[in-house]
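Notes follow the structure.
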């Protein structure tokens with residue numbers, strides 16, 4: 001009996017081990033097949049772009065827009081209290097803005113300021129929200145606006161531009177209306193502070209999607225393969241920490257940002273948000289993954305981007321477009337070999353044209369310098385960037401719909 005018990009106990013673990021091993025062996029081909037299928041789907045998804053499959057891309061783009069519109073529309077309409085309050089608020093604001101009376105001038109002034117703030121906030125969101133490739137609105141809109149105010153201030157000797165047409169258009173004030181205060185760097189920074197801080201606040205709002213996405217994935221326990229590519233990259237970066245010697249410079253920078261945010265907390269996020277940092281998306285994902293409180297993340301991001309970073313960027317643009325520096329740079333353009341003389345002429349003509357525009361009320365006979373080649377080139381550059389941004393959004397939405405289709409297929413096959 002004892003010998004039989006020993007044989008049974010000896011054979012038991014082996015038998016159980018064989019069962020576990022057989023289950024693992026049976027699951028291995030399934031996991032391998034799933035990985036191959038995921039890779040095949042990813043390659044197929046990346047090929048859905050307008051220049052390869054225009055018809056399918058546009059179809060998937062429209063279907064994704066319909067899906068998103070239906071989803072958010074239903075959620076919005078389900079909250080009847082919110083719909084009623086929003087409708088009453090919009091109607092009240094419309095009547096307040098358009099009704100004539102002693103309040104009309106003051107309300108119109110506030111209304112224009114609010115629209116101005118919303119405009120720059122929206123541009124800030126577009127710059128960082130992650131739609132398509134992102135629209136670099138600082139280079140295309142805010143930077144040129146600050147540069148225009150700087151050049152106008154030095155040319156006019158005053159920042160007291162008449163409103164209207166400012167801020168849509170900048171002209172020098174009349175002789176009696178000019179301010180006696182000197183045009184300084186601090187005065188120019190104060191002049192453009194509202195739009196700059198609104199733009200910075202917009203960029204902070206645009207950083208919220210990666211945070212919420214990573215937080216939702218952590219709480220739900222989703223696999224990185226089933227989620228966004230940024231989350232998958234974050235998980236792969238976690239695995240690479242074991243072999244730091246093999247990391248690239250970019251990966252080391254990403255790990256530094258991640259560890260700074262994780263260990264230092266509020267002040268680490270503030271430091272990352274306060275400087276031009278292309279890796280800040282990783283900070284949002286890190287905060288979401290490690291369940292950093294919302295107000296800790298957003299508060300540090302808002303202060304860093306809307307206050308500290310924006311003052312650094314404003315200061316850089318104002319110094320760069322100082323009248324003396326600009327004229328000196330144009331003067332030395334002639335020293336550039338071969339093309340120096342050809343570059344100097346259009347740059348000088350563009351600067352003279354901008355100065356003439358500032359005095360167009362005083363001298364109405366001044367012709368608009370609209371035909372300047374630099375102005376035309378910059379306008380075309382802005383148009384090309386916007387078109388590229390729109391194309392990238394179309395491609396991104398189409399690929400999202402492709403991912404949505406395959407998720408539905410996988411969920412049906414599991415059921």
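Every residue, even glycine, has its Cβ placed from backbone N, Cα and C.
When the ranges 14-34, 35-55, 56-76, 77-97 are checked against TrEMBL, the one recorded as transmembrane segment is 77-97.
Looking at 233-254, 255-276, the stretch flagged in TrEMBL as transmembrane segment turns out to be 255-276. Range annotated as transmembrane segment by TrEMBL, chosen from 347-372, 373-398: 373-398. For the transmembrane segment (315-339), the list of distant contacts is 143, 146-147, 150-151, 154-155, 185, 188-189, 347-348, 351: same-chain residues at least six beyond its ends, Cβ to Cβ under 8 Å.
Against the transmembrane segment (282-303), stretch 255-276 has more CB pairs under 8 A than any other of 77-97, 255-276, 373-398.
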